[in-house]
Structure formats: C-alpha cells, structure tokens
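Below is one structure, written out as structure tokens; the observations come after it.
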Amino acid sequence: MGTVKDQLILNVLKEEQTPHNKITVVGVGAVGMACAISILMKDLADELALVDVIEDKLKGEMMDLQHGSLFLKTPKIVSSKDYAVTANSKLVVITAGARQQEGESRLNLVQRNVNIFKFIIPNIVKYSPNCKLLVVSNPVDILTYVAWKLSGFPKNRVIGSGCNLDSARFRYLMGEKLGIHSSSCHGWILGEHGDSSVPVWSGVNVAGVSLKSLHPALGTDSDSEQWKDVHKQVVESAYEVIKLKGYTSWAIGLSVADLAESIMKNLRRVHPISTMIKGLYGINEDVFLSVPCILGQNGISDVVKVTLTTEEESRLKQSADTLWGIQKELQF
C-alpha cells in the first residue's frame with residue numbers, strides 16, 4: 001500500500017518549478033506587509049518572496065499569509081533572510097530601512113538607509129539580475145539613485161515609488177472638495193516625494209475641464225478658495241498619520257501594488273514616479289525625481305514631457321538641487 005498521496009494521485013509529468021511572475025518584498029515592516037497583502041489581493045504574482053533580517057517576525061508574517069492561501073491566488077509564498085529565496089524575481093520591492101520618526105524629515109533618514117542598501121542591493125542583483133527594482137524606502141528619490149548606483153542596472157529598471165502616493169492623496173483631497181470620486185479628479189504632483197513636491201495646477205482637471213481656466217487664481221496665494229491648502233495637506237498628511245498611528249502603511253501599500261500591476265501586466269500606464277531626469281528641465285545632475293512615466297514590463301520606457309510654468313520649473317530645479325546637495329555627500 002502506497003501513501004495516501006500515491007493512492008490519490010498519479011504523477012504524469014516531472015515539472016521544473018521555475019516561477020514566471022515572481023515578486024519579492026524586502027522588509028516586512030508595516031509598509032512591506034501592506035505592499036505584500038495589496039499585491040496578493042491583486043493576483044499579480046505566482047510566487048511571493050519575503051526577506052528581512054528579523055527571522056521570527058519574518059517567519060510569522062509568512063505563515064500568517066500562507067494561512068490565507070485559500071482566499072488568494074498566489075500558490076507559493078516563501079521567506080528567508082537568505083536572498084537565494086528571491087531568485088528569478090521579475091520585480092523586487094524594497095521597503096527595508098530605518099523608519100521616519102514623528103516630526104522627522106524623510107531626508108534625515110538618508111545615511112542610515114544607504115548603509116542598509118549596501119547590503120541589500122548586491123544580493124538582489126546576484127539572484128535576479130534581470131529584475132525591476134521598485135524602491136519605496138525613504139527618502140525615496142535619493143535611495144532610488146543609490147539603488148541605481150549600487151545595482152549597475154540600466155535606469156529603466158530602477159524605479160522609485162515617488163509621487164504616485166502624493167498624487168493619489170492630492171486626487172483624494174480634490175475629490176473630497178468637489179464631491180467627486182478621486183479617479184475622476186486629475187492632477188499631478190511631481191518632484192521630490194516629500195516636502196518640496198510640486199503641484200502642477202495647470203493640469204488639474206475634471207472631465208478635461210481645467211480648474212485653472214475656471215478659476216485663474218487656483219493654487220496661488222490670492223486664491224479665495226485656498227486650493228494651495230490641498231497641496232499643503234498632501235505634504236503634511238504623512239506627518240499627521242505618523243503622529244496619529246506611528247507610521248503610514250495602507251495607502252503606500254496600495255500605491256505600490258498599483259505600480260506593480262502596471263509592470264507585471266505591461267499596462268504602459270502613466271504614473272508620477274521617480275526616475276533619472278538628467279537633461280530635463282535644465283537639470284544636469286544624476287538626480288531622481290518624479291515625472292509622469294510610462295510604466296510597463298521593462299520598467300520605465302518613456303517620460304512624458306510636461307509643460308511647466310516658470311515657477312513650477314524653478315521649484316523642480318530647487319528640488320533637484322536640494323537632493324543633489326545630499327547625494328554628493330553620500331558615502332558608498
């Protein structure tokens with residue numbers, strides 16, 4: 001008598017078990033796990049790998065997700081602190097790093113997180129040399145540059161989550177103000193993910209109707225409706241959430257899954273994400289900033305050339321200068 005399995009199943013094919021749509025999430029903190037569950041619930045991967053340095057937490061998070069397998073369509077969920085577990089990933093999401101404290105600027109995290117990246121990036125490259133890297137850790141624009149430098153990857157394959165979330169926050173707040181669902185409220189926030197981000201008021205519209213054409217003072221200091229406060233709220237929102245609950249997680253997780261979907265399904269949707277923008281808007285340094293990018297299976301294939309006002313362009317340039325000032329001091 002064979003085992004129950006032998007009696008039940010006749011094997012007719014010896015299969016090679018290589019994944020075709022594998023995604024890795026590095027870092028299983030609040031952000032990493034929000035990314036993981038959001039990716040799982042969008043059915044984007046046939047294998048999900050989790051990596052972290054805290055082994056008990058890592059195993060616990062993996063088991064907790066595995067126990068939900070019946071309700072998911074991702075047949076393999078694995079984890080290890082050994083990067084061999086990440087082999088053959090199509091997409092690697094990096095959320096590992098020091099967490100922003102209450103009132104702390106994202107830029108303040110930089111050297112701590114650079115040191116962490118020096119260990120992570122070479123390991124990812126070793127096991128998934130053809131993957132796309134999606135950097136989420138803050139300060140995201142600088143760390144995307146760091147990941148690009150450390151990986152040796154072409155710039156199309158190194159992507160920062162950038163202003164995808166800032167723009168989503170903006171569209172939510174705009175929707176609240178107008179009583180319209182955020183998917184029908186269009187507006188782009190570009191530049192640094194953080195305090196010096198730039199709202200492009202000229203492009204803000206509903207159904208193609210420019211709000212600036214209806215209300216020329218939109219976004220200026222002389223605006224009686226104070227639309228500028230909408231952008232101010234976007235900038236302050238992360239700080240407020242951190243103050244209230246200690247960290248942000250759900251919105252960034254959903255934002256990352258949105259980007260992962262465009263990559264894994266080769267959707268070629270346009271997202272405000274961090275890419276190398278040297279040569280645009282009079283920027284001559286290797287700076288990563290958010291501009292609208294076409295995102296698909298090869299990562300960022302194209303950049304949309306946005307018409308900016310003189311003020312918007314100078315604010316973008318200022319953002320770039322701030323970031324370059326920090327980047328050039330970094331110890332690799």
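Using the three backbone atoms N, Cα and C, a Cβ is placed for every residue, glycine included.
According to Swiss-Prot:
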BINDING   29-57, Arg99, Asn138  NAD(+) binding site
BINDING   Arg106, Asn138, Arg169, Thr248  substrate binding site
CROSSLNK  Lys57  SUMO2 cross-link
MOD_RES   Lys5  N6-succinyllysine
MOD_RES   Lys5  N6-acetyllysine
MOD_RES   Lys14  N6-acetyllysine
MOD_RES   Thr18  phosphothreonine
MOD_RES   Lys57  N6-acetyllysine
MOD_RES   Lys81  N6-acetyllysine
MOD_RES   Lys118  N6-succinyllysine
MOD_RES   Lys118  N6-acetyllysine
MOD_RES   Lys126  N6-acetyllysine
MOD_RES   Lys232  N6-acetyllysine
MOD_RES   Tyr239  phosphotyrosine
MOD_RES   Lys243  N6-acetyllysine
MOD_RES   Thr309  phosphothreonine
MOD_RES   Thr322  phosphothreonine
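Look at Lys14 (N6-acetyllysine): DSSP puts it in coil. Ala49 (NAD(+) binding site) sits 27 Å from Lys5 (N6-succinyllysine), taking the C-alpha atoms as the reference points. Every protein chain shown contributes to the tally, and the Cβ of Lys232 (N6-acetyllysine) ends up with 13 other Cβ atoms within 10 Å. When the CA atoms are compared, the recorded positions lying within 10 A of Lys81 (N6-acetyllysine) are Val53, out of the candidates Lys14, Ile37, Val53.
Note on the recorded positions Lys5, Lys14, Lys57, Lys243: the fewest other CB atoms within 10 A surround the CB of Lys14. The Cα of Thr322 (phosphothreonine) lies closest to that of Asn138, out of the recorded positions Met33, Asn138, Arg169, Lys243, Thr248. Comparing CA positions across the binding-site residues Met33, Val53, Lys57, Arg169, Thr248, the one lying closest to Lys118 (N6-succinyllysine) turns out to be Val53.
Ile37 (NAD(+) binding site) falls within a helical segment according to DSSP. Using a 10 Å radius centred on the Cβ of Asn138 (substrate binding site) and all shown protein chains, the other Cβ atoms total 28. The separation of Arg169 (substrate binding site) from Lys232 (N6-acetyllysine), Cα to Cα, is 11 Å.
Neighbour counts of Cβ atoms within 10 Å were compared for the recorded positions Lys81, Lys118, Lys126, Arg169, and the top value is held by Arg169. If you measure from the Cα atom of Asn138 (substrate binding site) to that of the residue listed as 'phosphotyrosine', you get 13 Å.
Of the recorded residues, Thr248 (substrate binding site) and the residue listed as 'phosphotyrosine' place their C-alpha atoms 9 Å from one another.
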